[in-house]
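Here is the structure we will look at, set down as structure tokens.
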Amino acid sequence: NETKVMYFILLGFPATGELQLLLFSALLLAYLLTLLENFLIILTIRNNRSLQTPMYFFLGNLSFLEIWYVSVIQPKMILDVLSADKGISFPGCLTQLHFFVTLVCTEYVLLAVMAFDRSVAICSPLRYPLIMEHRFCAQLIAGCWMCGLTTSSIKLSFIAQLSFCDVDKINHYFCDISPLLNISCSDSSLAELVDFILALLVIMVPLCTVVASYISILFTVLKIPSSQGRQKAFSTCSSHLAVVVLFYSTTLFTYSHPKLMYTYRANKLVSVLYTVVVPLLNPLIYCLRNKEVRLAMRRTFTC
């Protein structure tokens, strides 16, 4: 006689009074700024012919992805700060999880593709236009999304088979894999194993691609005789490297052992970094550290 749970209660961040309003205002401001920043980047890239290159094509796709990425998590989180009803239905929880995993996995692969693009541009500048032609770039973007969708579908097919009987409270602010594995009343060892293997593949393969790309970039740059040439070569990939370090470090900490990490409250705080802080900082890093984007934005909005 088991009673299946049909909805969950997201505990989120307990706050009352002025702290509640402060948290709501901060999260709402961060969400709106993230949307605005990414929309501005997309608009700038579309309206400037000087930015019609593979590097900015990938950057525009990253901005498009992050608009959806934050929209899957943050609106519900913001409403739950002030709302007394923090419930989410079981189908709604799985839907949120599906989109979140899809977008996270897609971003992993996309950042690796962007690193590969920079390595080709710096290590083989004469062959760069032939290798990174538009059709190939579009195929790479399609491959990123296919990888994300496939990984998410496999993970969700195992998690959807789990039973949830007594516990309906999730000590998190969105439906993530870790809390669902921990509150399941059925054997979740197979789902955890599949999740760990897929997370390892989706994180480590792109990470190895990024490391290999930057090693080749480093060796090539060190061969440049002038210090000005070396500085210019490094400046084209410094923004991307900063974004990679931020995104990979926070998510790797969380998903290296999903079920174990859920037992620590620090996991919730680290999750805020890659769902709120990192998406907010990414456009600023690309714009503030990239003179070409700054000039293009100035031309766009002056006109």
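Every residue number used here counts from 1 along the chain in the order it is shown.
Any Cβ shown, glycine's included, is placed from N, Cα and C.
Since we're looking at a predicted model, the values are computed, not measured.
Annotated domain 'G-protein coupled receptors family 1 profile' per TrEMBL: 37-286, in sequence order. Summarising the annotation, TrEMBL assigns transmembrane segment to 20-43, 55-74, 94-116, 136-154, 196-221, 233-257, 269-288.
Here the transmembrane segment (136-154) has Cβ contacts under 8 Å with residues 54, 57-58, 61, 98-99, 101-107, 109-110, 113, 194, 198, 202 of the same chain, all six or more residues outside its ends. Against the transmembrane segment (269-288), stretch 20-43 shows more Cβ pairs under 8 Å than any other of 20-43, 55-74, 94-116, 196-221. The highest tally of CB pairs under 8 A with the transmembrane segment (55-74), across 20-43, 94-116, 196-221, is held by 94-116. Restricting the average to the domain 'G-protein coupled receptors family 1 profile' (37-286) gives a pLDDT of 85.
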